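Okay, structure first, notes after.
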Amino acid sequence: MYKIGLTGGIGSGKSRVADMLAEWGASVIDADEISHALTAPGGAAMPAIAREFGPQAVAADGALDRAWMRDLVFREPTARGRLEALLHPLIGLHTEQAAAQARGLYLVFVVPLLVESGRWRGRVDRICVVDCDPATQIARVQKRSGLTEPAIRRIMAAQAARATRLEAADDVIVNDGATSPDTLRARARTLHDRWLALAGAASQPGGKAAGTPE
């Protein structure tokens with residue numbers, strides 16, 4: 001199946017784009033949703049997280065205490081790597097299981113840290129970045145989450161720089177503060193149609209998909 005890696009900084013609108021692609025028939029696998037399920041009450045990652053970070057990492061309902069973890073990552077630079085070492089193998093396993101069951105027109109992996117991970121380029125046929133300016137990112141995240149601007153900037157600082165994401169992109173969907181919902185939908189539809197054509201070509205004899213040797 002033809003594979004798209006969809007990414008973008010926090011607040012860029014990649015989830016909105018993913019919802020549109022799913023509406024049009026793509027199979028969408030969201031790494032963030034998998035991560036949240038793994039760290040929800042009873043999630044598969046929670047026993048290992050409790051062992052690694054102690055009971056203070058677990059909220060009263062048994063989920064990951066995200067506010068506590070954000071603060072720890074800010075104070076202790078190694079904490080992010082320790083958490084990712086626990087989560088990433090599980091996310092990878094669940095991602096592969098979901099991909100094996102996908103039956104859509106093509107497959108979309110929504111991965112916030114796709115560019116940063118370095119391992120996705122060989123797993124997808126194209127990388128699409130949903131792009132917007134930092135001020136718009138901050139405003140959107142503040143509106144939906146109530147996080148302070150310094151907290152949002154810390155999250156942004158842990159992600160790839162905007163220029164780095166754009167350099168890695170095969171396709172870009174601009175979703176800045178001036179982009180209306182209709183305009184965003186039109187931009188996403190243009191790429192959806194392009195990917196459908198590419199998926200069709202890749203499925204023909206002699207066509208190529210990600211991971212296929214030259």
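Including glycine, each Cβ sits where the backbone N, Cα and C put it.
Taken from Swiss-Prot, the feature domain 'DPCK' covers 3-202, and the record attributes it to sequence analysis.
Look at G13 (ATP binding site): DSSP puts it in coil. Cβ contacts within 10 Å of G13 (ATP binding site), excluding its own Cβ and spanning all protein chains shown: 23. Per Swiss-Prot, ATP binding site is recorded for G11, S12, G13, K14, S15, R16.
Annotation for R16 (ATP binding site): spatial neighbours N175, L184, criterion Cβ-Cβ under 8 Å with sequence separation of six or more. A Cβ within 8 Å of the Cβ centre of G11, S12, G13, K14, S15, R16, the residues given for ATP, is found for these other residues of the same chain: G8, V17, V130, R140, N175. Listed in sequence order, C132, T136, Q137, I138, A139, R140, V141, R144, I152 are the same-chain residues six or more apart from G11 (ATP binding site) with CB atoms under 8 A from its CB. Cβ contacts within 10 Å of S12 (ATP binding site), excluding its own Cβ and spanning all protein chains shown: 27. Of the listed binding-site residues, namely K14, S15, the sparsest Cβ surroundings within 10 Å are found at S15.
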